[in-house]
Structure formats: structure tokens, C-alpha cells
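Undergrad: According to TrEMBL, the feature domain 'SRCR' maps to 61-162, 172-272, 282-382, 389-489. Per TrEMBL, the feature disulfide bond maps to 130-140, 197-261, 210-271, 241-251, 307-371, 320-381, 351-361, 414-478, 427-488, 458-468.
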């Protein structure tokens with residue numbers, strides 16, 4: 001906006017002096033052309049001017065203590081001195097960013113526990129959390145630079161980098177199954193086969209393994225040594241794929257080590273070719289009408305339920321579409337529609353909401369759960385448009401507190417996570433061109449009646465609020481002093497002045 005090519009840093013704590021007037025909380029992706037395109041709160045009172053934002057230098061990194069320049073203990077420069085990184089939450093995604101900063105193409109491993117020797121001086125970072133695509137470690141989430149004295153240098157983080165294509169893509173095989181499409185997953189490393197610990201192991205990880213073996217996808221991701229216990233080293237743990245990788249080596253994991261996880265936790269995979277052979281049949285039971293109820297799934301000729309761990313609106317959407325509805329209004333948990341009987345078939349279901357069938361969503365192993373029927377998951381579906389919206393208490397018809405009509409009564413929206421993307425959808429529903437702001441904290445006064453929605457999470461491209469994520473109808477932890485509002489516009493754009 002100011003004519004520069006980019007930004008180096010975003011200092012806080014009023015590095016360039018304290019401002020005056022309203023404080024605007026801003027959250028941008030970085031691809032926007034104007035601050036008006038970023039989600040933000042019009043004003044916030046949770047921040048003071050001694051926290052005014054600006055932008056200092058990206059981290060400089062080096063690798064120390066390795067046998068070559070592509071490996072070593074990760075050290076970062078801060079205030080003229082080198083310091084280390086505590087390995088809490090350190091994984092391959094973090095190491096990838098470090099390696100690319102140093103001119104390499106990627107990371108082979110993210111060693112922990114001072115594999116390359118203990119550093120000295122300050123431990124500057126902890127709980128680094130990159131998605132792996134950042135250009136600099138400074139762009140990754142972390143609690144900030146400080147002296148992390150509670151983490152000793154015995155926990156110094158490291159990285160092993162590579163150039164070119166991945167030099168050691170994993171070779172995998174399936175062992176112990178009744179056919180070549182299933183079995184215990186074993187990985188070749190240093191000339192020997194080893195197994196994978198089933199911690200975090202799910203359908204997305206198994207999908208990558210299956211594609212490596214020439215199959216189209218994964219039916220299941222069994223843990224607990226379903227296909228027998230392996231021998232030798234347990235090579236991988238905390239594997240975390242998004243399901244689209246070409247090789248297991250491209251997935252985040254805790255590094256190749258000798259894990260204390262026992263072979264009773266060896267991970268497996270069940271693969272398929274062609275179209276999914278066992279799409280789930282679902283039904284809704286116990287509701288007041290056919291559009292709501294406890295979600296039950298047909299498996300091996302019997303109906304079972306779903307544990308509500310991780311259950312949310314995205315999962316319910318898939319269920320509702322399978323059942324012939326347009327979408328989901330709510331994803332009730334805690335057996336809202338009564339407790340089922342029989343097996344609890346699924347838990348930790350994780351859909352992105354666009355899948356054609358629940359079988360295509362990530363989930364834990366089918367049918368082996370201690371989750372009780374008191375946690376049976378449900379769904380409330382809709383066809384057409386279930387919500388109407390209106391704005392009240394504004395000085396014009398293009399601004400005000402957002403009120404939502406549901407089942408004949410008007411209610412409000414809590415401002416938790418309320419941002420410009422959500423406001424855009426409301427403004428679009430009211431036939432404005434866009435949103436200028438998403439005020440919270442009852443800027444347009446406190447409403448009355450029910451608070452219908454909380455933690456609304458729109459992408460901004462939806463046509464209606466019903467298409468956005470939320471906690472569920474009436475589920476909130478708010479009072480009306482947190483009622484959300486919007487400021488809409490038609491035609492031109494707001495102009496920002498810097499002085």
C-alpha cells in the first residue's frame with residue numbers, strides 16, 4: 001500500500017512510540033492489496049497503546065555441530081548473539097523452514113535432545129509451530145523471543161537438510177495382512193525395515209502409504225498392532241500427513257529415531273483400488289423430525305454411533321449431504337438426541353466439509369473405542385436458507401448489531417473470532433457489496449434474547465451464514481456485551497491515510 005516490496009518484521013510493544021485514538025486489531029493473510037481486505041475488529045479495548053504494532057529483522061539462522069554444512073544444531077541470531085531453540089513441538093515442518101533459509105530444498109530430519117551437542121547462551125525460542133511453507137522462522141507461530149530458562153540445552157533442536165529431490169524417500173511395505181492391500185506398515189531405513197508407532201496415526205497417513213503402494217486410497221488406519229507386532233526399530237512416531245503427499249517422507253513427523261513406543265502400537269493400513277468400496281450409509285435417529293438426530297453409521301450389517309471427539313459442523317455437513325439435505329446447522333454432542341446402542345464405530349472424525357461420504361474423512365480405527373454412548377454425536381440439517389439477518393442500532397442501514405432469525409426468534413452473534421470474513425457474508429446476505437469492519441464488544445449496543453452463534457468462521461466467499469463454521473445453535477460462552485456487528489459498503493472502497 002505504501003509502495004514497498006514487502007515487510008521485514010512486525011514489532012510490537014510500541015517500538016516506534018505510542019499512538020492515540022482507537023486501536024484496530026488486524027489479521028491479514030499477507031496477500032491482500034489493502035488493509036480493508038484483511039479481517040479485523042473495528043476497535044478493541046483488550047489492547048493498549050504500549051502494544052502498538054510495527055514491523056524488525058527476520059531471523060538469521062545457522063547450523064552448528066554437524067558433520068557437514070547441511071546438518072547441525074539450529075541457532076538464531078538475536079541482539080548480536082547466537083542462541084538455540086528448545087525442541088518442544090519441534091518437528092519436520094519447522095526444520096524445513098530452517099533448511100530453506102539456508103539455501104537447501106528441504107529437511108530430512110528434525111533431531112531433538114541436542115543430537116548435535118548442547119549450545120551455550122540463551123535459549124531464545126520454544127514451541128515453534130511452522131506449517132512448513134514459511135520463508136523465515138520469524139513467520140512461524142511461537143510465543144516470542146525470550147530466555148526460556150525452564151528448557152535446558154539438553155533439549156536443543158536441530159535440522160538435517162538436503163538439496164535437490166528428496167534423497168531418501170521412504171520405501172514402504174505392508175506385512176501380515178490377508179492380502180497385499182492390508183498389513184502392518186513397515187519403512188526401510190539404513191537397509192533395515194522398521195515400524196511406525198500409532199500415535200497420531202490416522203486415515204490421512206494411511207492414504208499416503210496406500211498411494212505409495214499403487215492403491216487409490218485407504219479404507220482404514222488400524223493401530224494397536226492389528227496385523228501383528230513387528231520387530232527391530234520403531235522408526236517413526238507422530239506422523240502427520242495432510243493426505244496429499246507423494247511419499248511418507250514428505251509428511252511431518254517427530255524424526256527418525258529409536259522410539260520407546262512398543263510394537264504393541266505398530267500402525268497399519270487397509271487400502272483399496274478404484275472407487276471407495278464401502279461408503280458409509282448413515283441415518284439420523286431420535287430427532288423431532290427427519291432433519292435432525294443422532295448420527296448412526298452402518299458397518300458390517302449393523303448400525304453404530306459416532307463418538308463426539310473432534311465432532312464439529314464440518315463433519316455434520318457431510319452427514320447431512322449424504323442424507324439428502326443442503327447442509328448442517330448444528331453438530332450436537334453429548335448424546336443430545338439420546339444414547340444409542342451397539343458399537344461406537346467412529347471417533348476423531350475430521351472432515352473438511354467437502355467430502356462426498358464420511359468414509360472419505362480422516363478418522364481413527366473403526367470400532368475399537370472406550371468412548372461411551374453418553375458422547376454420541378448428532379446432526380441438525382437444513383434445506384434452503386435457514387437464517388435471516390438484519391442490522392439494528394446503526395446510524396445508517398449499512399451498519400449495526402447483527403441479529404439472526406432462527407425458528408421465529410431473533411438472536412445475536414458472539415464476537416469470539418468475529419472478523420471481516422464473517423462480516424462480508426452478512427453484508428452479502430443484505431445485498432451490500434462488501435464489509436468495511438466487523439465491530440465487536442457490543443459496539444452497536446447490547447442485544448437481548450438468545451445468543452445464537454459463537455466462534456463463527458467464514459472464509460468470506462459463502463453466500464449465507466449457514467454455510468460458515470460455528471459452535472452450534474445456541475452454544476456459546478458469551479454475554480450480550482460481546483454482541484457482534486458489521487459495517488457494510490456499496491460501491492467504492494475506504495481509503496487509508498498514513499501520517
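Heads up, the Cβ atoms here are built off N, Cα and C, so glycines get one too.
Situate these features within the shown structure.
TA: Here the domain 'SRCR' (61-162) has, by DSSP, the following mix of helix, strand and coil residues: 16 helix, 34 strand, 52 coil.
Counting only same-chain residues six or more apart in sequence, the Cβ atoms lying under 8 angstroms from the Cβ of residue 130 (disulfide bond) belong to 93, 94, 96, 97, 137, 139, 140, 141.
Secondary structure from DSSP puts residue 261 (disulfide bond) in coil. For residue 261 (disulfide bond), the same-chain residues that are 6 or more apart in sequence and have a Cβ closer than 8 Å to its Cβ are 197, 198, 199, 234, 237.
Sequence-distant neighbours of residue 271 (disulfide bond) (same chain, six or more apart, CB under 8 Å from its CB) are 174, 181, 182, 206, 209, 210, 213, 215, 216, 217, 218, 219, listed in sequence order.
Non-local contacts of residue 251 (disulfide bond) by the CB criterion (under 8 A, 6+ apart in sequence, same chain) comprise 92, 205, 208, 239, 240, 241, 242, 245.
Cβ contacts within 10 Å of residue 371 (disulfide bond), excluding its own Cβ and spanning all protein chains shown: 17.
Counting every protein chain shown, the Cβ of residue 381 (disulfide bond) has 26 other Cβ atoms within 10 Å.
Sequence-distant contacts (6 or more apart, same chain, Cβ under 8 Å) of residue 351 (disulfide bond) comprise 314, 315, 317, 318, 358, 360, 361, 362. In the three-state DSSP assignment, the secondary structure recorded for residue 351 (disulfide bond) is coil.
Counting only same-chain residues at least 6 apart in sequence, those with a Cβ under 8 Å from the Cβ of residue 414 (disulfide bond) are 451, 453, 454, 455, 476, 477, 478, 482, 483, 484.
DSSP gives residue 427 (disulfide bond) a helix state.
The number of other CB atoms found within 10 A of the CB of residue 458 (disulfide bond), across every protein chain shown, is 23.
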Undergrad: Just to verify a number: CA distance, residue 320 (disulfide bond) to residue 468 (disulfide bond), in angstrom, no decimals.
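TA: Distance (Cα to Cα, whole Å): 15 Å.
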Undergrad: Would you mind pulling the DSSP three-state label for residue 307 (disulfide bond)?
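TA: Strand, per DSSP.
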Undergrad: For residue 210 (disulfide bond), which of the three DSSP-derived states applies: helix, strand, or coil?
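TA: Residue 210 (disulfide bond) sits in a helix per DSSP.
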Undergrad: Translate the DSSP assignment of residue 371 (disulfide bond) into the three-state scheme.
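TA: The residue in question, residue 371 (disulfide bond), is coil (DSSP, three-state).
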Undergrad: Please report the DSSP secondary structure of residue 251 (disulfide bond), reduced to three states.
TA: coil
